[in-house]
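S.K.: First the structure, which I've put down as structure tokens, then a few questions once you've had a look.
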Amino acid sequence: MVAPTALKKSGTDGQTAPGPTGSRIVGTDNTRSIEDDDDILIDQEDSGAAAAEQAEGAREQQGVVLDAEGKPRFAAAASVAETRVKAESRKVPVPPHRMTPLRNSWTKIYPPLVDHLKLQVRMNLKTKSVELRTHPRHTTDPGALQKGADFIKAFTLGFDLDDSISLLRLDDLYIETFEIKDVKTLHGDHLSRAIGRIAGKDGKTKFAIENATRTRIVLADSKIHILGGFTHIRMAREAVVSLILGSPPGKVYGNLRTVASRLKERY
């Protein structure tokens, strides 16, 4: 007779009822005998070596090779022959009084844009604007669209074609625009006399300022556009401002001679 305090044997199927600390996942044998633990040995050095081998294998697959000092060796970067430029477009409005010069000079305007900057360009007569667009395959300069827009803008402001093309060849040229009223508030005949003082007889004063400061000046009513380098624009602006404020032309010419001598010494 079995003692009432003896442990009951498990069923014939060999399964054990899950205890309070057993796994709650059904269908797997989560019990392990104590003898199995003798076969499981964890060595820190072995695990470190295995991890190092795995890391080295992964680096070799990724193309990373370490030298004797442990520094990575990278393959030389492949030279990129062409830079991809995303497709962009720009519209440059053309004033009505510049449409006729634009049509007459169109055969000389679009070749620098198409051949040099690799842009797509067309004249839209309906909207009275020049449309520029980059091509992802042919355009290589990221700043080509801005250069083309500046070139067309300079021509629409009244600059000659050769002076406008210089914006494409040189990177240190700028255009500055200001009005006479920004310097001094003038109306009526006083404004007309100020414009005449800047231009001079037959444009001699304007040409003298341009030659002395190596700039190009356009007088468009009360607006003044100056094309040139940063320092040259500042010198030309000072001469124009002096004429607007009422300085005698002789004094302005003397200052221009001083400016011209300084530029010769600098360059």
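Note that Cβ sites are derived from N, Cα and C of the backbone, with glycine treated the same way.
The region 'Disordered' annotation in Swiss-Prot covers 1-35, 43-62. Marked as compositional bias 'Low complexity' by Swiss-Prot: 48-62. What Swiss-Prot records for 188-240 is domain 'KH'.
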S.K.: Summarise the model confidence on the domain 'KH' (188-240) as a single mean pLDDT, whole number.
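M.R.: Within the domain 'KH' (188-240), the model's average pLDDT equals 91.
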S.K.: What is the number of residues in the domain 'KH' (188-240) that are helix, strand and coil, as DSSP sees it?
M.R.: 35 helix, 11 strand, 7 coil
